[in-house]
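Here Swiss-Prot flags 17-37, 53-73, 86-106, 109-129, 158-178, 180-200, 208-228 as transmembrane segment. The region 'Spermidine synthase' annotation in Swiss-Prot covers 200-463. Here Swiss-Prot flags 225-459 as domain 'PABS', drawing on sequence analysis. According to Swiss-Prot, the feature spermidine binding site maps to Asp307, an assignment based on sequence analysis. Residues or ranges marked as active site, proton acceptor by Swiss-Prot on the basis of sequence analysis: Asp379.
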Amino acid sequence: MSGLEQPAELSRVWRWLLLVSVAICAASGLVYELALVSLSASLNGGGIVETSLIVAGYVAALGVGAILVKPFLRWPAQTFLAVETLLGLIGGLSALVLYMTFAVVGQNLWMLVLATALIGILVGAELPLLMTMIQRGRLADARTTGSLVATLNAADYLGALLGGLAWPFILLPWLGMMRGAAAAGMINLLAALFVGCVLLRHLLPRAQFIRAVVALLVAIAVLGTVLVRSDGIVATARQQLYRDPVIYAHQSDYQDIVVTQRGADRRLYLNGGLQYSTRDEHRYTESLVYPGLSDSARTALIIGGGDGLAARELLRFPDMRITQVELDPEVIEVANTILLPDNGGAMQDPRVTVITDDAFTWLRAGGDGGQRYDAIFVDLPDPNNDTMARLYSQEFYTLALARLNDGGRMVVQSSSAYTTPDVFWRIASTMSAAGCGAVIPYHVHVPTFGDWGFQLCGPEGTELGLRGDTPSLRFLTDEVLAAAGVFGADNQPRELEPSTLDHPRVVEDLRRGYRQAGE
């Protein structure tokens, strides 16, 4: 007996252990890619462009890896252990390295592409190496090779399924992106160590075997350090993203939530995007809320706005009743704790009913018994990805308008009227297409945001103005509101095609605006 050849009874055990190892490695490989998708969504918005690059790049890299490994098939055992060591280390560190790169140099699509390509190439090299070991080990002959290839592919695909389930249900919620990827890398490396020590130990020269084991142990130690110390590493990197000290940071099931504070200036960020600053949030909040209230308004629906600031203003009217629909329960938790001084405990007021659900799904399902409201306020982050674009679509506004009482009004935050004018006017056109009787665009200056825009939707004849019993405000007056409806000659109203579920035009509008602003 020589080379990879095994006794018959050992061959069966060898084969099944190898198939289990294949499944584990496949699971780890998919977890690395899902970690990149999740990180892209958290840092860059993770729209169709990034996701397509990751998926297509990964699949293409699999083929490249299968080609590049050909010269090394003469040494399948040695090469397999080297590939798994690199894969576990690169995949396990990928999320952390990309996060740190983003913190230092900002958005870098090339780093995402590079990480995807490296992982894909290494994963693509696995099956040719495994098949070579199986064939040389005489675990299959001409009659059974096809069956074994099918079994090998089945193990690979089932392993990918396990990885696809483990990431959203176990690794991400329990460990987060950085530690989750590192944990997958450790599992990958431990599987490779098992294969090396149990299945391939007698097939390698002693010196090569020792070097392979030492390399695997060093890689495991590196990822173990990341698992233990990742919170501190991430905290240091995260601070580079924000000008003020971070006092709270948490990755929820939906987004990265960060609160910073310097002196009296407290700021909320979701996925790196500023939601408000206590220096000037009153300008934004008053401009969002008060134009949407008719004199008879007594019921209001807030979509988004989980910070509680819009609810705070509405509760200044004693007979107001509010339904708040917020996707992320952890934003509500932050609003009820760290942000409590800013919203005055609005989310805990008995006049406010808080619902944690996707607003589109909730409206479509007739949530709250299909109740209609006198005012609706859509206070959501900008539509920087296709998921968020659903809530800026013609279909969404149609659902929302169906929940307005006769004579009711709806206000939608509409991004920067100056930096992203196409987004601003696209939202106006989309609301008109959804059936708004009158759409009145307006904009105000919010120092931390710049020139910020809103759309007021109401019945024909609706005008910008404050209701008669409006309490004393810090910023908004009838005169300010009248001026808010005036636009310069370089930014006049324009008719654009609506943004829809089928064609979320508003996402590209936003990206184009940011690109042009950065030129």
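Placed from the backbone N, Cα and C atoms, the Cβ positions cover glycine too.
Taking Cβ pairs closer than 8 Å, the transmembrane segment (86-106) reaches residues 25, 28-29, 31-32, 35-36, 38-39, 43, 112, 115, 118-119, 122-123, 177-178, 180-186, 188-189, 192, 219-220, 222-223, 226, 230, 233-234, 237-238, 240-241 in its own chain, all 6 or more past its ends. For the transmembrane segment (180-200), the neighbouring stretch richest in Cβ pairs under 8 Å, chosen from 17-37, 109-129, 208-228, is 17-37. By the count of Cβ pairs under 8 Å, the stretch nearest in packing to the transmembrane segment (109-129) among 17-37, 158-178, 208-228 is 17-37. When Cβ-Cβ distances below 8 Å are used as the criterion, the transmembrane segment (158-178) is approached by residues 22-31, 34-35, 38-39, 42, 95-96, 99, 184, 226, 230, 233-234, 251, 253 of the same chain, each at least six residues removed from its ends.
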